[in-house]
């Protein structure tokens, strides 16, 4: 979502929060306000709009989670022809890729994980209603290992279920792309769930660790980004299996395998080969690489040869000037030299 638009939503809902505190309940006026705002957010499916209207506090967290996923996507692909950008309608989840490619698989997985991560964190911090710490991780004592649940364990199950309800609600059409998107959403959430951390604190006399109090915490989202990038590199091409009578897509199977072998839960899957992302193409959502910075000496994806797709590159020269070798003189002034450096940057034609 556009940064200014997100700030606008935040301030509007902040006003709702003030009204809520003053009145002690969400009045009909506030409900009407939430209805107006939720109808202004682009790209929401009907069920998503209904969640927005019933949980206006949650839509801010959802937007932050989706943005966290988009930011991580841009970081992971910052040196590639595709840098997590696309042509098309802007939504709370960014601009969607029209092709069911491995890039689309990554964007769906990372944003679904981002929403689950943000919702779980907001619950632990007391910033969302109807949720909090994981109640099931309280009071249990493991005598053999000498630890017990304590503190505030992150309720990852709530975050995942909320992400499932909201993110998956945009899949309306009953086609192969829907099955692909739902699988990748779930893969992103599953990776997050599997990387939850157990943190413990020791208790005992004179620094001994007679017993430990433990709780679960969320992993750094950068870790999830790296794992999903690896799964992107190993993404599995699938095809749809249709029901014999209605011919509707039923489930996905790995392509080019005769048996009905399904992909693994945490596999990223795609149904169409990726475009080369060299040129701007509205039909695929590719923005092309014209004007992108490139590295003239690199043989990798960020190198001008690969990034510019053989079109060549432009050289830009500029001089950077700054104060250097500063010395303090008694008394009392600082004297500096002026240093300069000539720099070249290269952009794709």
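Glycine is no exception: its Cβ is also placed from the backbone N, Cα and C atoms.
Database features (Swiss-Prot):
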type     : residues : note
SIGNAL   : 1-24     : signal peptide
DISULFID : 73-84    : disulfide bond
CARBOHYD : 83       : N-linked glycosylation site
DISULFID : 123-131  : disulfide bond
CARBOHYD : 127      : N-linked glycosylation site
DISULFID : 133-152  : disulfide bond
DISULFID : 200-214  : disulfide bond
DISULFID : 202-209  : disulfide bond
LIPID    : 206      : O-palmitoleoyl serine
REGION   : 238-266  : region 'Disordered linker'
DISULFID : 278-309  : disulfide bond
DISULFID : 294-304  : disulfide bond
CARBOHYD : 295      : N-linked glycosylation site
DISULFID : 308-348  : disulfide bond
DISULFID : 324-339  : disulfide bond
DISULFID : 326-336  : disulfide bond
DISULFID : 331-332  : disulfide bond
Per DSSP, what is the residue tally for the region 'Disordered linker' (238-266) in helix, strand and coil? 0 helix, 11 strand, 18 coil
Which of the recorded positions 73, 295, 309 has its Cα nearest to the Cα of residue 331 (disulfide bond)? 295
For residue 336 (disulfide bond), which of the recorded positions 123, 131, 209, 295, 348 has the nearest Cα in space? 295
Looking at the recorded positions listed here (127, 131, 206, 209), whose Cα lies nearest to that of residue 295 (N-linked glycosylation site)? 127
Near residue 200 (disulfide bond), which residues of its own chain have a C-beta under 8 A away, given they sit six or more steps off in sequence? 147, 212, 213, 214, 215
Candidates 83, 84, 332, 339 (recorded positions); nearest Cα to residue 348 (disulfide bond) turns out to be 83
Please report the three-state DSSP label of residue 339 (disulfide bond). strand
Among the disulfide-bonded residues 309, 332, 336, the one whose Cβ has the most other Cβ atoms within 10 Å is 309
By a simple count of other Cβ atoms within 10 Å, which of 278, 304, the disulfide-bonded residues in the record, is least packed? 278
Neighbourhood of residue 131 (disulfide bond), C-beta criterion under 8 angstroms, separation at least six: 119, 123, 155, 158
Looking only at Cβ atoms, how many others are within 10 Å of the one on residue 209 (disulfide bond)? 12
Sequence gap of 6 or more, Cβ distance under 8 Å: name the residues on the same chain that satisfy this around residue 206 (O-palmitoleoyl serine), in order along the sequence. none
Residues that sit under 8 angstroms from residue 73 (disulfide bond) by C-beta distance, when 6+ apart in the chain: 84, 94, 106, 107, 110, 111, 225
Tell me which residues of the chain lie with their Cβ under 8 angstroms from that of residue 133 (disulfide bond), as long as they are six or more apart in sequence? 123, 124, 151, 152, 153, 154, 155
